[in-house]
Amino acid sequence: MQEIQKNTKKEQYNLNKLQKRLRRNVGEAIADFNMIEEGDRIMVCLSGGKDSYTMLEILRNLQQSAPINFSLVAVNLDQKQPGFPEHILPAYLEQLGVEYKIVEENTYGIVKEKIPEGKTTCSLCSRLRRGILYRTATELGATKIALGHHRDDILQTLFLNMFYGGKMKGMPPKLMSDDGKHIVIRPLAYCREKDIVRFAEAKAFPIIPCNLCGSQPNLQRQVIADMLRDWDKRYPGRIETMFSAMQNVVPSHLCDTNLFDFKGITHGSEVIDGGDLAFDREEIPLQPAGWQPEEDDTALEALRLDVIEVK
(Lines of atoms letter the chains of each structure in order from A and count residues from 1; the text may use other names and numbers.)
(Lines give C-alpha, C1' and ligand atoms only; values in the text may rest on other atoms or scores of the structure.)
Protein backbone atom coordinates (compact mmCIF):
# COMPACT_ATOMS: atom_id res chain seq x y z
CA MET A 1 0.00 0.00 0.00
CA GLN A 2 2.81 2.39 0.91
CA GLU A 3 4.59 1.48 -2.32
CA ILE A 4 1.47 2.33 -4.33
CA GLN A 5 1.12 5.69 -2.55
CA LYS A 6 4.80 6.39 -3.16
CA ASN A 7 4.44 5.66 -6.88
CA THR A 8 1.29 7.79 -7.06
CA LYS A 9 3.05 10.75 -5.45
CA LYS A 10 5.99 10.37 -7.81
CA GLU A 11 3.69 10.22 -10.83
CA GLN A 12 1.87 13.35 -9.67
CA TYR A 13 5.19 15.11 -9.09
CA ASN A 14 6.39 14.22 -12.59
CA LEU A 15 3.07 15.33 -14.12
CA ASN A 16 3.23 18.68 -12.32
CA LYS A 17 6.81 19.14 -13.49
CA LEU A 18 5.87 18.26 -17.06
CA GLN A 19 2.88 20.59 -17.05
CA LYS A 20 5.03 23.45 -15.75
CA ARG A 21 7.53 22.86 -18.56
CA LEU A 22 4.81 22.87 -21.21
CA ARG A 23 3.22 25.93 -19.68
CA ARG A 24 6.59 27.70 -19.65
CA ASN A 25 7.23 26.75 -23.29
CA VAL A 26 3.81 28.00 -24.38
CA GLY A 27 4.14 31.19 -22.33
CA GLU A 28 7.52 31.96 -23.89
CA ALA A 29 6.22 31.38 -27.41
CA ILE A 30 3.20 33.61 -26.77
CA ALA A 31 5.48 36.38 -25.46
CA ASP A 32 8.17 36.05 -28.15
CA PHE A 33 5.70 36.28 -31.04
CA ASN A 34 2.96 38.37 -29.39
CA MET A 35 0.48 35.59 -30.12
CA ILE A 36 -2.27 36.61 -27.70
CA GLU A 37 -3.36 40.16 -26.87
CA GLU A 38 -5.88 41.82 -24.58
CA GLY A 39 -9.45 40.95 -25.57
CA ASP A 40 -8.52 38.24 -28.08
CA ARG A 41 -11.03 35.54 -28.88
CA ILE A 42 -8.96 32.45 -29.66
CA MET A 43 -10.43 29.74 -31.86
CA VAL A 44 -8.70 26.56 -30.67
CA CYS A 45 -8.72 23.98 -33.46
CA LEU A 46 -9.40 20.67 -31.76
CA SER A 47 -8.81 17.54 -33.83
CA GLY A 48 -9.15 15.02 -31.03
CA GLY A 49 -5.42 14.23 -31.09
CA LYS A 50 -2.76 14.60 -28.41
CA ASP A 51 -1.43 17.94 -29.68
CA SER A 52 -4.69 19.86 -29.80
CA TYR A 53 -5.87 18.44 -26.46
CA THR A 54 -2.60 19.56 -24.88
CA MET A 55 -2.86 23.00 -26.47
CA LEU A 56 -6.37 23.52 -25.12
CA GLU A 57 -5.39 22.33 -21.63
CA ILE A 58 -2.34 24.61 -21.41
CA LEU A 59 -4.19 27.64 -22.80
CA ARG A 60 -6.98 27.10 -20.27
CA ASN A 61 -4.36 26.90 -17.55
CA LEU A 62 -2.65 30.10 -18.69
CA GLN A 63 -5.98 31.87 -19.03
CA GLN A 64 -6.48 31.65 -15.27
CA SER A 65 -3.29 33.53 -14.41
CA ALA A 66 -2.51 35.64 -17.49
CA PRO A 67 -2.16 39.41 -16.98
CA ILE A 68 -4.52 39.94 -19.92
CA ASN A 69 -8.07 38.82 -20.64
CA PHE A 70 -8.78 36.51 -23.56
CA SER A 71 -11.46 33.95 -24.34
CA LEU A 72 -11.32 30.49 -25.90
CA VAL A 73 -13.72 28.69 -28.21
CA ALA A 74 -12.89 25.13 -29.28
CA VAL A 75 -13.75 24.11 -32.83
CA ASN A 76 -13.77 20.61 -34.24
CA LEU A 77 -14.28 19.73 -37.89
CA ASP A 78 -16.34 16.56 -38.28
CA GLN A 79 -15.21 15.40 -41.73
CA LYS A 80 -17.65 12.50 -41.80
CA GLN A 81 -15.08 9.71 -41.80
CA PRO A 82 -16.76 6.33 -41.37
CA GLY A 83 -16.82 5.36 -37.72
CA PHE A 84 -15.90 8.82 -36.42
CA PRO A 85 -16.98 8.90 -32.73
CA GLU A 86 -18.85 12.20 -32.90
CA HIS A 87 -19.99 12.06 -29.26
CA ILE A 88 -16.51 12.12 -27.68
CA LEU A 89 -15.50 15.76 -28.13
CA PRO A 90 -18.86 17.34 -27.17
CA ALA A 91 -18.96 15.24 -24.00
CA TYR A 92 -15.36 16.13 -23.11
CA LEU A 93 -15.80 19.87 -23.75
CA GLU A 94 -19.10 20.06 -21.89
CA GLN A 95 -17.45 18.39 -18.92
CA LEU A 96 -14.75 21.08 -18.97
CA GLY A 97 -17.26 23.87 -19.45
CA VAL A 98 -15.47 25.08 -22.60
CA GLU A 99 -17.40 26.93 -25.29
CA TYR A 100 -17.26 24.90 -28.50
CA LYS A 101 -18.62 24.43 -32.00
CA ILE A 102 -18.69 21.24 -34.06
CA VAL A 103 -18.56 21.98 -37.79
CA GLU A 104 -19.93 19.18 -39.95
CA GLU A 105 -18.53 19.07 -43.49
CA ASN A 106 -18.19 15.95 -45.65
CA THR A 107 -14.61 16.60 -46.74
CA TYR A 108 -13.97 12.86 -46.47
CA GLY A 109 -16.38 12.22 -49.35
CA ILE A 110 -14.78 14.93 -51.47
CA VAL A 111 -11.26 13.60 -50.86
CA LYS A 112 -12.23 10.00 -51.64
CA GLU A 113 -13.94 11.15 -54.83
CA LYS A 114 -11.07 13.34 -56.08
CA ILE A 115 -7.98 11.38 -54.98
CA PRO A 116 -7.22 7.97 -56.58
CA GLU A 117 -6.91 5.01 -54.22
CA GLY A 118 -3.44 4.76 -52.72
CA LYS A 119 -2.50 8.40 -53.40
CA THR A 120 -1.74 10.89 -50.63
CA THR A 121 -4.82 12.81 -49.50
CA CYS A 122 -3.06 15.33 -47.23
CA SER A 123 -2.79 18.23 -49.69
CA LEU A 124 -6.44 18.35 -50.73
CA CYS A 125 -7.68 17.58 -47.23
CA SER A 126 -5.53 20.41 -45.87
CA ARG A 127 -6.89 22.95 -48.36
CA LEU A 128 -10.48 21.97 -47.64
CA ARG A 129 -10.01 22.19 -43.89
CA ARG A 130 -8.18 25.50 -44.14
CA GLY A 131 -11.06 27.16 -45.97
CA ILE A 132 -13.62 25.78 -43.51
CA LEU A 133 -11.60 26.92 -40.50
CA TYR A 134 -11.19 30.43 -41.90
CA ARG A 135 -14.92 30.67 -42.56
CA THR A 136 -15.74 29.39 -39.08
CA ALA A 137 -13.36 31.88 -37.46
CA THR A 138 -15.21 34.71 -39.18
CA GLU A 139 -18.59 33.36 -38.09
CA LEU A 140 -17.43 33.08 -34.47
CA GLY A 141 -15.77 36.49 -34.40
CA ALA A 142 -12.42 34.93 -33.53
CA THR A 143 -9.39 37.22 -33.63
CA LYS A 144 -6.82 34.39 -33.66
CA ILE A 145 -6.81 30.79 -34.90
CA ALA A 146 -4.71 28.46 -32.72
CA LEU A 147 -3.25 25.29 -34.25
CA GLY A 148 -1.56 22.45 -32.38
CA HIS A 149 1.74 22.17 -34.27
CA HIS A 150 4.74 21.69 -31.99
CA ARG A 151 8.50 22.12 -32.30
CA ASP A 152 9.01 18.76 -34.01
CA ASP A 153 6.37 19.60 -36.65
CA ILE A 154 8.19 22.85 -37.40
CA LEU A 155 11.53 21.09 -37.85
CA GLN A 156 9.94 18.38 -39.98
CA THR A 157 8.50 21.02 -42.28
CA LEU A 158 11.91 22.68 -42.60
CA PHE A 159 13.54 19.40 -43.68
CA LEU A 160 10.64 18.51 -45.98
CA ASN A 161 11.08 21.79 -47.82
CA MET A 162 14.87 21.39 -47.98
CA PHE A 163 14.80 17.76 -49.14
CA TYR A 164 11.84 17.91 -51.51
CA GLY A 165 11.11 21.58 -52.19
CA GLY A 166 14.57 23.06 -52.58
CA LYS A 167 13.94 25.90 -50.13
CA MET A 168 14.62 26.75 -46.51
CA LYS A 169 11.08 27.24 -45.26
CA GLY A 170 9.66 26.05 -41.99
CA MET A 171 6.32 26.49 -40.27
CA PRO A 172 5.98 29.95 -38.67
CA PRO A 173 4.74 30.28 -35.08
CA LYS A 174 2.53 33.17 -36.23
CA LEU A 175 1.33 34.19 -39.67
CA MET A 176 -1.33 35.99 -41.64
CA SER A 177 -3.70 33.61 -43.40
CA ASP A 178 -3.57 33.40 -47.19
CA ASP A 179 -6.92 35.22 -47.43
CA GLY A 180 -5.40 38.12 -45.49
CA LYS A 181 -8.17 38.12 -42.88
CA HIS A 182 -7.00 35.87 -40.06
CA ILE A 183 -3.98 35.57 -37.77
CA VAL A 184 -2.89 31.98 -37.20
CA ILE A 185 -0.84 31.11 -34.11
CA ARG A 186 0.97 27.98 -32.95
CA PRO A 187 1.27 28.18 -29.15
CA LEU A 188 3.07 24.80 -28.94
CA ALA A 189 5.92 26.02 -31.18
CA TYR A 190 8.50 25.58 -28.40
CA CYS A 191 7.08 22.29 -27.06
CA ARG A 192 8.71 18.92 -27.64
CA GLU A 193 6.56 16.14 -29.04
CA LYS A 194 7.89 13.71 -26.44
CA ASP A 195 6.59 16.00 -23.69
CA ILE A 196 3.18 16.25 -25.35
CA VAL A 197 2.98 12.46 -25.68
CA ARG A 198 3.73 11.93 -22.00
CA PHE A 199 1.34 14.70 -20.95
CA ALA A 200 -1.50 13.30 -23.06
CA GLU A 201 -0.95 9.84 -21.61
CA ALA A 202 -0.88 11.14 -18.04
CA LYS A 203 -4.04 13.21 -18.56
CA ALA A 204 -5.78 10.30 -20.34
CA PHE A 205 -7.22 12.51 -23.06
CA PRO A 206 -9.93 10.73 -25.13
CA ILE A 207 -7.79 10.48 -28.28
CA ILE A 208 -9.60 10.16 -31.61
CA PRO A 209 -7.46 8.52 -34.34
CA CYS A 210 -7.47 9.98 -37.85
CA ASN A 211 -8.57 7.21 -40.21
CA LEU A 212 -8.26 9.39 -43.29
CA CYS A 213 -4.62 10.48 -43.37
CA GLY A 214 -3.02 8.58 -40.49
CA SER A 215 -3.54 5.20 -42.14
CA GLN A 216 -1.49 6.09 -45.21
CA PRO A 217 2.00 4.54 -44.97
CA ASN A 218 5.29 5.96 -46.26
CA LEU A 219 4.30 9.61 -46.18
CA GLN A 220 7.28 11.91 -46.71
CA ARG A 221 6.56 13.68 -43.43
CA GLN A 222 6.62 10.40 -41.54
CA VAL A 223 10.01 9.54 -43.07
CA ILE A 224 11.39 12.88 -41.87
CA ALA A 225 9.80 12.38 -38.44
CA ASP A 226 11.45 8.97 -38.08
CA MET A 227 14.80 10.47 -39.11
CA LEU A 228 14.57 13.23 -36.49
CA ARG A 229 13.53 10.80 -33.76
CA ASP A 230 16.50 8.60 -34.60
CA TRP A 231 18.81 11.62 -34.39
CA ASP A 232 17.28 12.66 -31.07
CA LYS A 233 17.89 9.17 -29.68
CA ARG A 234 21.46 8.81 -30.96
CA TYR A 235 22.61 12.42 -30.62
CA PRO A 236 20.91 14.07 -27.62
CA GLY A 237 20.63 17.82 -28.02
CA ARG A 238 20.75 17.85 -31.82
CA ILE A 239 17.03 18.64 -32.18
CA GLU A 240 17.30 21.56 -29.74
CA THR A 241 20.29 22.95 -31.61
CA MET A 242 18.58 22.68 -35.00
CA PHE A 243 15.54 24.50 -33.70
CA SER A 244 17.79 27.16 -32.21
CA ALA A 245 19.39 27.55 -35.66
CA MET A 246 15.99 28.52 -37.07
CA GLN A 247 16.05 31.46 -34.66
CA ASN A 248 19.61 32.50 -35.56
CA VAL A 249 19.66 32.94 -39.34
CA VAL A 250 22.69 34.66 -40.91
CA PRO A 251 21.62 35.77 -44.43
CA SER A 252 25.11 37.00 -45.34
CA HIS A 253 26.42 33.44 -45.02
CA LEU A 254 23.78 31.78 -47.16
CA CYS A 255 23.17 32.15 -50.91
CA ASP A 256 19.85 33.98 -51.23
CA THR A 257 20.35 37.24 -53.12
CA ASN A 258 16.88 38.38 -52.05
CA LEU A 259 17.94 38.32 -48.40
CA PHE A 260 21.41 39.80 -48.75
CA ASP A 261 22.99 42.21 -51.23
CA PHE A 262 26.03 40.20 -52.34
CA LYS A 263 26.47 42.36 -55.44
CA GLY A 264 26.84 45.38 -53.20
CA ILE A 265 30.00 44.01 -51.58
CA THR A 266 32.99 45.97 -52.87
CA HIS A 267 36.51 46.86 -51.75
CA GLY A 268 36.17 48.78 -48.53
CA SER A 269 32.90 47.15 -47.46
CA GLU A 270 32.58 46.44 -43.74
CA VAL A 271 33.05 42.94 -42.35
CA ILE A 272 29.64 41.35 -41.75
CA ASP A 273 28.82 38.52 -39.34
CA GLY A 274 32.38 37.32 -38.86
CA GLY A 275 33.52 37.73 -42.43
CA ASP A 276 35.10 34.90 -44.46
CA LEU A 277 35.79 31.44 -43.10
CA ALA A 278 37.31 30.15 -46.33
CA PHE A 279 40.83 30.08 -44.88
CA ASP A 280 40.00 29.29 -41.25
CA ARG A 281 38.29 26.21 -39.90
CA GLU A 282 35.35 27.28 -37.75
CA GLU A 283 35.42 25.87 -34.24
CA ILE A 284 32.28 23.80 -33.67
CA PRO A 285 31.36 22.88 -30.06
CA LEU A 286 31.47 19.19 -29.22
CA GLN A 287 28.17 19.50 -27.34
CA PRO A 288 25.06 21.23 -28.72
CA ALA A 289 24.99 24.90 -27.76
CA GLY A 290 22.92 25.65 -24.67
CA TRP A 291 21.50 22.14 -24.38
CA GLN A 292 20.82 20.59 -20.99
CA PRO A 293 19.20 17.15 -20.70
CA GLU A 294 15.95 16.90 -18.79
CA GLU A 295 15.92 14.45 -15.89
CA ASP A 296 12.92 12.62 -17.31
CA ASP A 297 14.06 12.50 -20.95
CA THR A 298 13.08 9.29 -22.69
CA ALA A 299 13.24 8.16 -26.30
CA LEU A 300 10.00 8.62 -28.21
CA GLU A 301 8.63 5.76 -30.26
CA ALA A 302 7.49 6.50 -33.81
CA LEU A 303 3.91 7.76 -33.72
CA ARG A 304 1.36 8.91 -36.24
CA LEU A 305 1.55 12.68 -36.46
CA ASP A 306 -1.48 14.58 -35.24
CA VAL A 307 -1.38 17.83 -37.20
CA ILE A 308 -3.72 20.11 -39.06
CA GLU A 309 -1.79 21.04 -42.18
CA VAL A 310 -2.08 24.82 -42.43
CA LYS A 311 1.19 26.26 -43.67
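The backbone N, Cα and C atoms fix where each Cβ goes, and this holds for glycine too.
Feature annotation from Swiss-Prot assigns [4Fe-4S] cluster binding site to Cys122, Cys125, Cys213. Taken from Swiss-Prot, the feature motif 'PP-loop motif' applies to 47-52.
Non-local neighbours of the motif 'PP-loop motif' (47-52) in the same chain are 76-77, 88-89, 148-150, 188, 196-197, 199-200, 205-208, 210, 306-308; each lies 6+ residues outside the stretch with a CB under 8 Å from one of its CB atoms. DSSP places the residues of the motif 'PP-loop motif' (47-52) in helix, strand and coil in these numbers: 3 helix, 0 strand, 3 coil.
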